[in-house]
Amino acid sequence: MDWKETPHAHVFEIDLPGLAKEDVVLQVHGDRILHISAERKEEPEDKGDKWHCRERPHGGSFTRQFRLPDDVKVDEIRASMRDGVLTVTVPIKDDELTKKKNSKHKKKTTSSVSVEISGDDGDAPARSHAPKGLGRFVCCKA
């Protein structure tokens with residue numbers, strides 16, 4: 001996984017070879033915990049097949065999670081998948097807005113935010129299909 005910070009966003013790039021966007025789930029839980037998971041489905045085997053070498057993973061699940069910085073806009077996260085690379089863009093709050101919010105007492109939240117992964121073009125807008133308070137954010141570690 002690569003994580004870079006630009007002046008406007010945190011950008012995460014995760015290699016997920018052989019996985020489709022439908023295999024990956026992205027969730028943001030509670031107090032900015034980014035949860036990335038995926039499941040590789042077991043490939044069916046034919047009875048007459050004889051394997052000589054099998055090095056690629058065949059089936060299994062992958063999970064990764066970490067806390068996002070305080071200065072992010074969780075409700076504006078975008079994700080896209082292209083050529084086996086998941087790109088997650090987390091916008092940074094404006095400095096003035098961040099200062100105002102940091103000066104107030106914060107409560108921990110237990111809600112989640114859902115993020116849909118756009119297709120191969122990377123330009124499709126992300127849409128949330130989960131009810132408010134539920135989240136889905138997935139990523140796979142291959």
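Even glycines carry a Cβ here, placed using N, Cα and C.
Automated prediction, rather than curation, is the source of TrEMBL annotations.
According to TrEMBL, the compositional bias 'Basic and acidic residues' annotation covers 38-58.
For 100-109, the entry in TrEMBL reads compositional bias 'Basic residues'.
What TrEMBL lists as domain 'SHSP' is 1-116. Within the domain 'SHSP' (1-116), the DSSP-based counts of helix, strand and coil residues read 15 helix, 51 strand, 50 coil.
The region 'Disordered' annotation in TrEMBL covers 38-64 (among others).
As annotated by TrEMBL, region 'Disordered' applies to 95-132 (among others).
Model confidence over the domain 'SHSP' (1-116) stands at 84, taken as the mean pLDDT rounded to a whole number.
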